[in-house]
Amino acid sequence: MSGRPRTSSFAEGNKQSPSLVLGGVKTCSRDGSKITTVVATPGQGTDRVQEVSYTDTKVIGNGSFGVVFQAKLCDTGELVAIKKVLQDRRFKNRELQIMRKLEHCNIVKLLYFFYSSGEKRDEVFLNLVLEYIPETVYKVARQYAKTKQTIPINFIRLYMYQLFRSLAYIHSLGICHRDIKPQNLLLDPETAVLKLCDFGSAKQLLHGEPNVSYICSRYYRAPELIFGAINYTTKIDVWSAGCVLAELLLGQPIFPGDSGVDQLVEVIKVLGTPTREQIREMNPNYTEFKFPQIKSHPWQKVFRIRTPTEAINLVSLLLEYTPSARITPLKACAHPFFDELRMEGNHTLPNGRDMPPLFNFTEHELSIQPSLVPQLLPKHLQNASGPGGNRPSAGGAASIAASGSTSVSSTGSGASVEGSAQPQSQGTAAAAGSGSGGATAGTGGASAGGPGSGNNSSSGGASGAPSAVAAGGANAAVAGGAGGGGGAGAATAAATATGAIGATNAGGANVTDS
């Protein structure tokens, strides 16, 4: 990309930014290491600035958004990721405003932020200091794909549950992420904790306020975006999450496409031609267009024979044409596919560590859809009694401070699902490969931290992790893949059907002010 990097994270309205704290960046050397000291503001709580020193800085990603560095805080030794983006002085930074509101165990934490001067006159950069998490779901899945395997079903269950929980939280605040994809799902392979990252495309959606449709990375774009809708809802994230789940089950993207038209072709090959009412719900402007009639492909034939029935059912509830018909993220957490996580048993991962926190719901989380509480909580927590119990109280909910409630086997589950046996996954981890390139064509994703991936560089697989990951793999969009199903000639017919959509929304994120 030529020229200056884009200004950061969708400038917020026309609101004048408050005067920026430019305290200067000081550097010195100690024991042969370069130490940088900045004047920073904590990510949450007080606005009182403080000096923060860090060292061992190295670039781990860059793209149109800016640059991401890994560094180590001098005071604590904690590794952090510093996302540096060009700041337009005229506007507030939307990503910063949103991240300061968020506090959840499945969302990457903003530790500090500070401003620094650029080389050009009046050039100012915003630096977001984020907790560092070593891997992404994308890189772990790619390592399995190298050996023609998919991530074991129990890890898919664990990762997707945490994603839905993070979405339930941000959607309850009216915030839409708008770029859900495997590259933006940070993963600690030691603890199996998943955290949603990169809020550079996120926006608080307001009823009646138009939004840009040219948003979200191509393989994960909801059909209403392809149709050019500008009044969409947080359900676009739900569609994207359904694409992620399907991709993890298949080992490749379910709807690969080289353009907006190709994308819709792939969707129609699986879901069939949308009805007139479904088109109206996505974008009323297209209801009069004549689409060739293509039958839907049975979901059971889209996936491998041994894919758990409950997983396929969940995908079908997520990938609905009609946005309002898509399941909510919290309802997804309560889906039977995740019941195994709620079973009482050993609370350990294959490496012997405790399961990540799955049921430490806050009162706010349990108040999102109170009717789901009995389905969300494991029976042994619902039955907890006495003042120290973890059962929701009549007036709201106690904080359910439990970690996992079952063990996760890296070889998959042997439990039956609606009468059919779940598969035993072949093997556990991909080889801890070498190689450092790894970027593939597709959505033009940038590497760590921005629209293309997350804040992470890879650090090699840890013992007991679901995958041993190659060092330094660049995070770009997943390449190719054959999509699920569709009969002979379906692609041609669907392409004809989408001819009117043509140049609308070819994919890619982060391009405008809305």
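Note that Cβ sites are derived from N, Cα and C of the backbone, with glycine treated the same way.
Taken from Swiss-Prot as is:
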type: DOMAIN; residues: 54-338; note: domain 'Protein kinase'
type: BINDING; residues: I60, G61, N62, G63, S64, F65, G66, V67, V68, K83; note: ATP binding site
type: ACT_SITE; residues: D179; note: active site, proton acceptor
type: MOD_RES; residues: S213; note: phosphoserine
type: MOD_RES; residues: Y214; note: phosphotyrosine
type: MOD_RES; residues: S217; note: phosphoserine
type: REGION; residues: 379-470; note: region 'Disordered'
type: COMPBIAS; residues: 393-433; note: compositional bias 'Low complexity'
type: COMPBIAS; residues: 434-453; note: compositional bias 'Gly residues'
type: COMPBIAS; residues: 454-470; note: compositional bias 'Low complexity'
Span of the recorded ATP site, as the biggest CA-CA distance among I60, G61, N62, G63, S64, F65, G66, V67, V68, K83 in Å, is 14
10 Å Cβ neighbour count around S64 (ATP binding site)? 20
Of the recorded positions N62, S64, G66, V68, D179, which one has its Cα closest to the Cα of the residue listed as 'phosphotyrosine'? D179
Other CB atoms, at most 10 A from the CB of D179 (active site, proton acceptor): 28
About how far apart, in whole Å, are the alpha carbons (Cα) of G66 (ATP binding site) and S217 (phosphoserine)? 18
Integer Å distance between the CA atoms belonging to D179 (active site, proton acceptor) and I60 (ATP binding site): 20
When you tally the Cβ atoms that lie within 10 Å of each candidate's Cβ, which of the recorded positions (N62, S213, S217) has the highest tally? S217
